[in-house]
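Heads up, the thing below is written out as structure tokens.
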């Protein structure tokens, strides 16, 4: 009996300790359950709306894709493509000259093809841009051309990183994505020519030179946002320009101002632009900011917008048009369900000086020339920031141009191009996508 009393008294003394341990365990169980629910909710949001909080994107870059039973498959790289792919992971150059990037810098991506004269013009213009040394220039090459490589190697005005599309049709002379043996050409009838391939809506078979335009842009976007160590966790904005864009000295400072003003002046705008959507226009010259449809010269957006674009990979990759920008205007942007506006100034800070597309004419008043020389007389106002923070915003509605309902210019009817394009969307989010590309080639 005495033993029972002593034991009972001992249990009573230990009771507070038991209660503390139980309370801690209960709290831990609740927290674990909350975390599990949060994780599940985040996955559900990814699958349903493709809207991602920036904090999640900074810590986890793997995105769930749901395109039915599609199985991503990248072509097997040849030896030269493998060597270029390895260069993609080299660190930026000129770090000794520019050891630190500015806080909240805006990375600049310049995508190029094979127009050396044009490239020299755009790089010379970039060298005169105020603030260019604060950021990094990423030059994305569509395949490899020695002269283009040499020109970029000579850049010394900022940090520079070069990337090369290892799946460019220009790198494959006898296999897809280049021309494969037995491929139909032009308007060949497969039954009569004993060839293979899917014709576009106009009866034309694929041309590697043509399809490379859209492939390069889509590969570049996926690589810059989700593949490169320098940018895949970048939470800010990225500016995209092309080799036939002449950039004004005030471009970088104007972009910085527009990005600061956008949340207040145009919170529903998806991007900011250096130039009007009409490539022939140099701006209105008004004392007003302009909100209009997104143009293709100096467009700048962040990862949130990229996620919305990336979620529309199927629409992008299945639309029968070899132009990336017309594809965006005709099918991707309309699928967002809301007008896709961009904010810009009333004066252009960049102009298009190359050939104005295959379906647009040229005239004497156009800002486009086709001799590789940019002869623009800059006014003093174009050399300094010329955005006034007190300006109102004028909204252009119902603008002319490509929109939902346009069926495309064709050139993109082959299922192999469509599937390669969609595989690029999986490229950095699925190990399966790499099995037949980079990994398979390294072990071949």
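Heads up, the Cβ atoms here are built off N, Cα and C, so glycines get one too.
If you look up TrEMBL, you'll see 142 marked as substrate binding site. Sequence-distant contacts of residue 142 (substrate binding site), defined by Cβ-Cβ distance under 8 angstroms and a gap of at least six in the same chain, are 111, 112, 113, 114, 165, 168, 170, 212, 213, 216.
Under the heading Mn(2+) binding site, TrEMBL lists 244, 352. The Cβ of residue 352 (Mn(2+) binding site) has 23 other Cβ atoms within 10 Å, all protein chains considered.
Around residue 184 (disulfide bond), a 10 Å sphere centred on its CB holds 19 further CB atoms from the protein chains shown. Feature annotation from TrEMBL assigns disulfide bond to 184-195 (among others).
Sequence annotations record features per position, and here TrEMBL assigns disulfide bond to 266-269 (among others).
Within its own chain, residue 317 (disulfide bond) has 218, 418, 419, 421, 422, 425 as residues 6 or more apart in sequence whose C-beta sits under 8 angstroms from its own. Positions annotated as disulfide bond by TrEMBL: 317-421 (among others).
What TrEMBL records for 14-32 is transmembrane segment.
Of all the recorded positions in the record (184, 195, 244, 352), the one with the smallest CA separation from residue 266 (disulfide bond) is 352. Taking the C-alpha positions, the distance from residue 352 (Mn(2+) binding site) to residue 184 (disulfide bond) comes to 35 Å. Annotated pair residue 184 (disulfide bond) and residue 244 (Mn(2+) binding site), C-alpha to C-alpha distance, rounded: 32 Å.
Residue 244 (Mn(2+) binding site) sits 37 Å from residue 195 (disulfide bond), taking the CA atoms of both as reference points.
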